[in-house]
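Student: Below you will find the structure I want to go over with you.
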Amino acid sequence: MKAGALHCRCAKCFSLPVRKRVRKRASAVSLLSLPEELLVFVLQCLSAEDLLSVRAVHSHLCDIIDTNASIWARVSFKDRWPAPDTVWLFERAAEKGNFEAAVKLGIAYLYNEGPLLSEEGRADLCGRMASRYLSLSESLRSPQAEPFIWLFIRPPWSVSGSCCKAVVFDRLQAECQTSPGRKGTLLYCLARVLQLFDDEEKRDEAELMLKESSRCGSLQSSYLLWAISRASSTADPGRYLQCMRTLRDYAARGCWEAQLAFVKSCGSANPLGLEPRACSELVSQFFQTGPSALRYQPHLQGQDITTKRYILVDWLVEVTTTKDFSSQVLHVTISCVDRYLHLRSVPKAQLQLLGIACMVICTRFISKEILTIREAVWLTDNTYQYEDLVHMMGEVISVLDGKIRTPTVLDYGEVLLSLLPVERRTAHLFSYICELSLLCSPATVPGPARLASAILLLTRALHNYVPVWPVQLEENTGFSKQDLVSCALTLYIKCFGQDVPKDYRHVSLTGVKQRFEDDSYQQISKDTVMGFKELCHVLEVPEVEPQVEVSSTSGQITEMHTFLSSPTSSSKRRRADSMQAHRGAFVATPTAELSNQEETLLGDFLDWSLDTSCSGYEGDRESEGEKDGEISTMEVQMELPLDCADRQTHCCLLSSDDTSLCEEDEQEPPTGGSKPWTRHLSSSSTSSSSSSCGFCTDRHSSGYSSIQSFPSPTGSSALVSPQNPPGVPSQRIRRQVKRKNTAAHSAGEAEQEDDAANLAFLSF
């Protein structure tokens, strides 16, 4: 083709150059390319197992993990417990400042529920290791935080053989001489232990320890000394004035118990001679700076968890009534449960384990009479093993950062009733509504300060007090009547205007109502409550139709049965068949934790012995009341053996065994998305043993069972019910069926926020 000549655009004489695709080079940015500060932040969010896996990926990651103590201090040990092959990991994290690892190691060594130790010197070795890590865990907390490790070594102690509690006590006492920085906290813990003994000499020694601890800067010890000397200073006006000034100083320094005592004194009188307006501002500030309402994890929200929580609280109320614990123990227990669920998700099938573990902890922290671990397991119909409860106690303490006691509705209620006293029957109604409010989900009620004020407003309205919300209450709380009316009406609807939830047997859960039918509360729950329209008229608000929530239980009946039904003895993990059967030679102290009450009532039905029972110590086996012979009356009911022709049908109808569930799944396809939960509490082997099962019926009990069934060589079952109050014979045949012992994997954990800010207090 000549230059400049035209040509056609056919494919033969004209073609476009082929465009080549230029492949972009892959970016070389990876995890290793991130700045070290960002890498450290990412690694801090991993679990212990994931951290070890990442450590083995690259030498750079290995160096970062090994050289940064902050990573080990924040690594998570969620649902993990020290074992012989992982104890080194817990120890390394604890030495780097990991509170969770230190707490779990201390509890594991104390109860010998972790590393297997040699038989020689078992009590001394367990005690030394437990004291080391319990002391370490206490040192990792804020100096202003109230110490907690004393509740694990509090009496009763073992009266025969070596006691691990006594070893820990002696080791902590020796550490006071070698560690001056921890002396104040450790002396406070030792003094709290000695105060619980009946010996007068030990109580005098405890007071000397408190004085030494106060000189070392312990604010809690100073407040306890003030409480001891308060009674002797009331007679002299000058000494009483100085006493109240000292209390004001402790309150200004952040001691919450001192703040509560000071506010109550300001409400009932004016001990410092302040202006009335100044006293009102102090009390108002106490209410306005109270803790806010809690919210559960997104995984644990909805009608399902609300109903299950209602059943749990109702069952805990029954346990509190049966064991004659105070209402404060119940409120603090529910507070621990809600705060745990606020910070960490838990399988719904483990709610009962969480609840009873919180009650075991709170009784040791608040009450003189404790709920022993052995008895707590028995109250759950042996659905959980001894070690399961010990592990959950470690989880609760670590998640709550050792902060057990927080302000409750009862605390603010005491202040309100001191501001404006009411009649005794009105005070009982106030307490009744306070416990009914525990049944409400935390997402539907405000914080304890506003909630207590709303309950008092509702109480005064129901008993026709005029004015229903005086100016004195408004000035001292900072809440006007308009601020509280909405909450008061909501409480009325939830407590009195709705049908109470029912379990899968369609039995109403009325544990709180039965509790306040007692004569000690003047049978306040039997009173007729005024109607909603009349209440609106008393509160001077427009009459509106109450929005009553109707819970649809038809779609939850199958899942509710799985949640409540108790496993039969063929699927229940038996202690004698587990790997713990031969541990009698390795426990630190005697293993029996059975109270005298249980021994007297059960007799030969109990098939456990010192050789086959789980770990623990005899010093944890009975409360002070049981040692004094205060034995509650329980009824043992025998059920006649069934005929062979009817036995199979009877067991198929009443059993919640895994085999029965599998047979139902083969016959009917799964519907409604309800799936049986799988258990992952521990790695203990599950044993199966065949025995007959018998059940009793109680139309007024909670959905949880407090029944323990024991195998009988004759084929019948001996059922023991702790639900009857002492001295009251049973009127009905009891049937208490508990949920199945299964669990689902947790859906995740929200990062724990630091809520250690003290309440602000005015200083004069």
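Placement of Cβ uses the backbone N, Cα and C atoms for every residue, glycine included.
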Student: Of 309-312, 377-380, 409-412, 529-532, which span is tagged motif 'D box 1' by Swiss-Prot?
Tutor: 309-312
Student: With Swiss-Prot as the source, identify the stretch among 180-185, 198-203, 570-575 annotated motif 'Nuclear localization signal 2'.
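Tutor: Here Swiss-Prot associates motif 'Nuclear localization signal 2' with the stretch 570-575.
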Student: Labelled motif 'Nuclear localization signal 1' by Swiss-Prot, one stretch among 19-27, 154-162, 298-306. Can you tell me which?
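Tutor: Checked against Swiss-Prot: motif 'Nuclear localization signal 1' maps to 19-27.
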Student: Averaging the per-residue pLDDT over the domain 'Cyclin N-terminal' (307-404), what integer do you get?
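Tutor: Here the predicted model's pLDDT, averaged over the domain 'Cyclin N-terminal' (307-404), is 93.
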Student: What is the three-state DSSP composition of the domain 'Cyclin N-terminal' (307-404), stated as helix, strand and coil residue counts?
Tutor: 74 helix, 0 strand, 24 coil
Student: With helix taken as DSSP H, G or I, strand as E or B and everything else coil, how many residues of the domain 'F-box' (28-75) land in each class?
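Tutor: Counting residues by DSSP class gives 34 helix, 1 strand, 13 coil.
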